[in-house]
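As given in Swiss-Prot:
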type	residues	note
BINDING	10-17, 57-61, 116-119	GTP binding site
MOTIF	32-40	motif 'Effector region'
LIPID	C186	S-geranylgeranyl cysteine
MOD_RES	C186	cysteine methyl ester
Amino acid sequence: MTEYKLVVVGAGGVGKSALTIQLIQNHFVDEYDPTIEDSYRKQVVIDGETCLLDILDTAGQEEYSAMRDQYMRTGEGFLLVFAVNSAKSFEDIGTYREQIKRVKDAEEVPMVLVGNKCDLPSWNVQNEQAREVAKQYGIPYIETSAKTRMGVDDAFYTLVREIRKDKDNKGRKGRKLNKPNRRFKCKML
């Protein structure tokens, strides 16, 4: 069974823990208790393949930023979560993305942009803004509500598909690099 190491990142209070707990335990946690770091595991079937999701729910608070490099090194894919009612959390996404790329030393890392709290009546980040940023980054955008469970499975499953796509692409490039060059001519004497 394939295991996927997923990391949920974003500013404090955007609903990272609520999304993760909704996926793992099918219930909504409405009290806010800042996370330092929690790890969850769940077996799921995605596109006919049984796999194990190893999900790291991270601290959004700035005082825990020193821990980020470590979990970014071990993660295979990242959910970049912002709250649609917080323009600041949306602006912070770029910082998380750049830090992930720096730590992973890669231009392309599997990521999904997630706009959470879509059940709220007023949004400070419009759908079009988020779609435009996701398009610039070349990553999918999923709207979620941890409260109503809207888009929760979709966000995590889309990230697994992005990791698979990334592995396939790297595998193809690796095979091309390993092919010996057989363009030599022989002459019979």
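Heads up, the Cβ atoms here are built off N, Cα and C, so glycines get one too.
A sphere of 10 angstroms centred on the C-beta of T58 (GTP binding site) encloses 26 other C-beta atoms. Cβ neighbours within 10 Å of G13 (GTP binding site), excluding its own Cβ and spanning all shown chains: 16. Cβ environment of C118 (GTP binding site): V84, E143, T144, S145, M150, G151 lie under 8 Å away, each six or more residues apart in the same chain. Packing around K16 (GTP binding site) is summarised by its Cβ count: 28 other Cβ atoms lie within 10 angstroms of its Cβ, all protein chains included. K16 (GTP binding site) falls within a helix when secondary structure is assigned with DSSP.
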